[in-house]
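K.L.:
One structure, pasted below without further comment.
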Amino acid sequence: MRNKVRKIHMIGIGGSGMSGIAEVLLNLGYEVSGSDLSMSQTVRRLGSLGASIAIGHGRENLGDADVVVKSTAVTSDNPEVVVARERGIPVIPRAEMLAELMRLRTGIAVAGTHGKTTTTSLLATIFTEAGYDPTVIIGGRLNAYGAGARLGQGEYLIAEADESDGSFLCLSPIASVVTNVDADHLDHYDGIEAIDDAFVDFLNNIPFYGVNVVCLDDPGVARILPRVNRPILTYGFSDKARLRGRIIDSGAMSCFEVSLDGKRLGEMRLNHPGRHNVLNALGAIGVSLEVGIPLGTIAEALAKFAGVGRRFERKGEKDGVVVVDDYGHHPAEIKATLATARAVYPERRLVVAFQPHRFSRTKALFGDFCTCFEAADELLLTEIYPASEAPIPGVSGESLGQGIRQVTKTKVAYYPDFAAMEAALPGILRPGDLFVTLGAGSIWQVGAHYLESERGA
C-alpha cells in the first residue's frame, strides 16, 4: 500500500524541521511539492533538487497530492490544509512522515529542549566516520553535508525529534538521546508537568532491548528518570553519571576526559567550543558506544566535526570586529552561548543583537529572559519574530528591554526593526569587539549586512 503514495505536498517546506524530510523524500524518488511564506536558500536548494515550490499559501498549490505534510507552525485554517480535507487527502504532521521513514531503517532519535541539532549532527559525524553510511535528518545545516539531510545506504536513520507539539511520540526509535527537559513550547503544553509527561512517554517508547542516553546534569531529566522503565545510560559531568566527562581545556576547541562506570576511556578533542557542547558530545558518545563503534573512531570524528550552521558560527571579521551567529532563543541557550563567547573571546567586548522568538515564549519566560544576558556588555533588541503567532498585548521587544534594564546592569537599546539597528551599528561597534547575533528568526541578516557593508562605512 505504501507504493500508492507518490506525490507528497509539504506546507512550510522551507522550515528547519521540514526541509530535511523533503530532501530525503526527493532522494528516494518521490514527487515533492510544497509552499513557504518566503524564498530562502533552503527553498532554492530544494527547488534545485526537483521540488516544485510555491511562495505563499493558496488552494491552488495543492495539485494532485496523495498526502499533505504540514509543519508545526501551520494552522488548521491554512487554505492548503482546508482544500486537502475537502478532497479527503490525508493531512499529517511532519513527525508522522519522519516516523514512516524511520520504519524503513533502525532509528536513533535525539530530543531535548536545547542541543538537539548539534547532538544529532555529532552522531551523524561519528556514524559516517565509522563507515555506517547513515541517513540523517536534522533541524539545521550540518556543515560537512552543506544541508540538513543526507540519504545513506546503511542501516541507521539518525533524526532530530521535535517535542514542540508532542508529535515526537509518533517515532519508534531503537535508541534515543535526551539532552534536557526544560520549560518551553508553552503554547502547546499546559505547563512543565505536561512536558515531563511527554518526555516520559518518549523514553518509554523504545523497545526493551534499546537504550535511552540521557543527561543527568539536567534537573528536568533527573526529575523524570524514576518514571522511565526502559534501559538508561546517564551522561554528564556529575560523579553520579555512568558516562562522565571532565573538561581539561576549553577554548576554540574543547579537550575532555571520558570515563564509563568509573573506568577511564581516554581523552577527546571536540572541534567546537563550549561546556554545553561537551555535554552534547557525551550524548553522542554514549549512543556510539552502545552500537559498538570503537573509541578511536569516535575520537577521530569529534576532532573533525565541522559544526552546524547557526550554532556559534563565526561569520567573519570587519574593522577588527568578529561576527558570530547563533540560533539560541531560549534563556538557557542564550546563557550557554554567551558563556562560550566569553570563554573563546575573553578579551573582547561582547555586543549582542537579539530577536525574541514567539510572543508566547517571550511572555512565559519573561523573567528568565530578563536575566540571561548578564554576560553581555551591550544588548541590542529588536521586535519579536512571531513565527505565525498573533501578538499578545503588552509583550514586545521594547517591553523586554524595559524588564532587562530593571534587573541588570547590561546596557540595553531597542530598535523597532533591522534597518534601525543596522544604521546604529557603526556608532556602537569598535575594533576588538565580538558581535553576536542571536535568535531563531532572521536576526542573522543583521550580522550578514554588517559584514557586507563597505569597510569602515
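Backbone N, Cα and C define each Cβ position, glycine as well.
Here Swiss-Prot flags G112, T113, H114, G115, K116, T117, T118 as ATP binding site, drawing on sequence analysis.
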K.L.:
Taking the centroid of the Cβ atoms of G112, T113, H114, G115, K116, T117, T118 as the ATP site, which other residues of that chain lie with their Cβ within 8 Å of it, listed in sequence order?
P.N.:
V110, T119, T179, N180, N280
K.L.:
Report the same-chain neighbours of G115 (ATP binding site): residues 6+ apart in sequence with Cβ closer than 8 Å to its Cβ, ordered by sequence.
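P.N.:
Correct list: T179, N180, H276, L279, N280, G283.
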K.L.:
Pick out which of the binding-site residues H114, K116 has the most other Cβ atoms within 10 Å of its own Cβ.
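P.N.:
The largest 10 Å Cβ neighbour count belongs to K116.
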K.L.:
Could you list the residues of the same chain, at least six apart in sequence, whose Cβ is under 8 A from the Cβ of T118 (ATP binding site)?
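P.N.:
Correct list: H272, N277, N280, V308, R311.
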K.L.:
For T113 (ATP binding site), just count the other CB atoms lying within 10 A of its CB, please.
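P.N.:
Cβ-Cβ neighbours of T113 (ATP binding site) within 10 Å number 22.
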K.L.:
With DSSP assignments reduced to helix, strand and coil, which class does G115 (ATP binding site) get?
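P.N.:
In the DSSP reduction, G115 (ATP binding site) maps to coil.
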